[in-house]
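Feature annotations, reproduced from TrEMBL:
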- B:24-186: domain 'Inactive transglutaminase fused to 7 transmembrane helices' (DOMAIN)
- B:262-507: domain '7 transmembrane helices usually fused to an inactive transglutaminase' (DOMAIN)
- B:6-24: transmembrane segment (TRANSMEM)
- B:318-336: transmembrane segment (TRANSMEM)
- B:348-375: transmembrane segment (TRANSMEM)
- B:382-404: transmembrane segment (TRANSMEM)
- B:416-434: transmembrane segment (TRANSMEM)
- B:446-464: transmembrane segment (TRANSMEM)
- B:476-496: transmembrane segment (TRANSMEM)
Amino acid sequence: MLLASAKKLRSFGIIGMNQRNFGLISRYNPRHLYPLVDDKLKTKLLAQEAGITVPKLLGTVQYQHDVKSLKEILHPYSQFVIKPVKGSGGKGILVITEHDHNLYFKPSGDAMQLADIERHVSNILSGLHSLGGKPDTVMIESLIQLDPVFSDYSYEGIPDIRIIVLRGYPIMSMLRLTTHASDGKANLHQGAVGVGIDIGTGRALHAVQYGESVTHHPDTRKTFSELTVPHWDKLLQLAAACYEMTGLGYLGADLVLDRDQGPMIIELNARPGLAIQVANRTGLAPRVAVIEAIKTIDPDPQSRAAFSKRQFAFDADIRPPRLLRTRSDDR
Amino acid sequence: MYAKLRLYIVVILLLGFGIGLTLYKHFALGFPLSPDDKKSVWTIEARIDFVARGDPVIVSFALPPETPDVVFMEEDFASSDYGFSELTSPSGRRAQWSKRVASGLQTAYYRLSMYETGQIAHPAMAADLPSEPEKPEFDEVLKTAATTLLDQVRSKSANTEIFTRELITTLNSKAPSQNLSLLINDQSSEDYKTHLIINLLALEGISARIVRGLYLEDGRRRQSLTNFVEVYIGNEWLLFNQNSGKSGKPKKFLVWQRGDQSLLDVVGGKNSQISFSIIRNVHSTRDLVVRDSMNKQAGIIDFSIYSLPIEQQNAFKMILLLPIGALIVVIMRLLIGLRTSGTFMPILIALALIQTTLLTGIIIFLTVVGTGLLIRSYLSRLNLLFVARISAVIIVVIAIMASISILSNKLGLDQAMTVTFFPMIILAWTIERMSVLWEEDGPREVFIQGGGSLLTAVIAYLFMTNRTIEYLTFNFPELMLVNLSLILILGQYTGYRLSELYRFHALERRNVAGKR
């Protein structure tokens, strides 16, 4: 069958785009809070205030004429990442892993001139990658060092962990692994592998690439069955803390594991996508229903993370009934 | 809960208002729901000839009454050097021509354009009540014959209607009895027969009157009026054909005059004659109704698009199609889940397609965007600032359009010259966005989004060029409210999009297999 039956999908609790926009995003995310996460500089400052580790900010470029000073900003660093502050979906991110005189090298080994980088920066400033083409700011961050745990599971890039947080409770997570096809980017629609991660243990559950199941990484040929994300409790707690940080009721926290600094937050998303359901082979709706049934939200991120760990563990005895209605249904 | 209820109330109000107004216009004002609805317009010319004797002349001519089942579009009166006035009296309208001195053959014309509305004529108004029938004066012999006849007819009938019909058929019977022959007598003219029927009915105490009318048949000349008998039965007047006894007003029949007043009076002339000729024209019902409503100053039409100058009306014809395009985009995105480049770009392309026709339009669009993408990939190497680059793309697009026009003109392909109807800025943006998409997400995504946009545009085009839809959106702009309420309801749809059924189809397999 090329098409699934809507009835079955509903019984599995799969949430569709329309329901996500209507029942989750517009319900839990007040519009005025969007700038907090759409502007990555603001997110970074918020996270630092909240004592959450973030990649180090090396510099920013705000105006076209500052592009000339790029050389001096970049001079001391051999590795860095250039990002549009208001970019979305990983657009416009440039990773440089090696710096040799006037040549800058991408993870793939391609060399770039300073002029190429300047053009990229100037494109970002004119709003090429920002939502609605608005003028943007460029930020330059320190490069995250690949944690050896993932060295077998990623190709020319840093994998990140996406955790969906509803009302402060982590409800689903996946690991996004870079591949050759995705050009070192952790974007599923570009060909990265999405691995569903058990909220209870941090173990890999199931992996997909281009929407189809895969059992091992297409480039490194390593199977996912032995993959377990380390520092799992810490990651869950960080994600849960993003609720207090931003006030957004439904958000996607993108975290990474740095070899030296451990778990850190790189980005928050007020409109996280739905591919996570495919990677986990589970619908969001039953979990949403569990969280929506909670009357008062626990003010402590750690106990919220612990609650989610118990509630949503893959092999836990307490499993939410599949047909639990979500609150958005009875509106 | 409250918000949802409020939305539904708004939707129901919008739906009710939109549909209600549409039905009102259809039923009360007669707007047809289909663009092909046609009506016959009859042009009737009455020609009055007489010979004047050199004295003052007054010609008085009865004019047909305007009833709800007919609409008079135009009335003309013509005659050389005559003074003219139209008089209204309780017995009907009359035209009056007058002249101090006239001699020799004189002619006056009256021309009427009218059409039947198809509405059922209302029963006679209160003012139209009959007077008590006067007992006619027959001489002894005739009276006996009449009484015998009436007794005979009465015995065969149950009520006034049947009585009248029976009386008429008896009078028209092929082999008349002696009594009948006496009443009818040989020189019986139509008028004599009509009056005989009315007199006989009066003898029976039934009110009746003479009605003269005209059968409407195309291309007829030298027609005269046909006599009917109208009988007052049970609070309304009923028309009877005096030759067949059939009741009711025939189709394609215009009632010209009611009552026993003369059709034509000529003072100061002799040998007066009147003849009618009839011509039929076919007109679109919608045009007739708009014209009639404008004349009557129906508020709903007077404050509508029809009151605008033609040029603006044509602009609105286009503008009113946009909501249809918007609805298509909403359906494509929310129900089907098609990805398009730019939310409403497909509507603008569809508008351009309307001007260029479908195939030419698509070919031109693909050529312009394809060439634009090639040139844009060169521009990206030139290291330009963003605003400058998009401006450059606009100029490139204009250059491509100009070359297409000139080339096709030289090749004799007139159609391709319609390229100018494509919105240049939109094309430039499309090219820019596609090219960024190509660089970041690869050609696959470009084809998905470009194809999605084009497909949506084509579907929107097909709907927007549909004759009936075009007709309905322009003539019933209130249907826009129905469209709006549909969009409001679709805005509430939280179910799966068609594309998601495909996107998540792998999940279904797993769950079927995984069920122990």
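Note: Cβ is positioned from N, Cα and C throughout, glycine not excepted.
Those TrEMBL annotations? Automatic predictions, nothing curated.
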Could you name the stretch, out of B:318-336, B:348-375, B:382-404, B:476-496, with the greatest number of CB pairs under 8 A to the transmembrane segment (B:416-434)?
B:348-375
Contact ranking winner - B:6-24, B:318-336, B:348-375, B:382-404, B:476-496 against the transmembrane segment (B:446-464), Cβ under 8 Å:
B:348-375
Six or more residues beyond either end and a Cβ under 8 Å away: which residues meet both conditions relative to the transmembrane segment (B:382-404)?
364, 367-368, 371-372, 375-376, 416, 419-420, 422, 424-425, 427-429, 431-432
Which sequence-distant residues neighbour the transmembrane segment (B:6-24)? Criterion: at least 6 residues beyond either end, Cβ under 8 Å.
300, 476, 478-482, 484-485, 488-489, 492
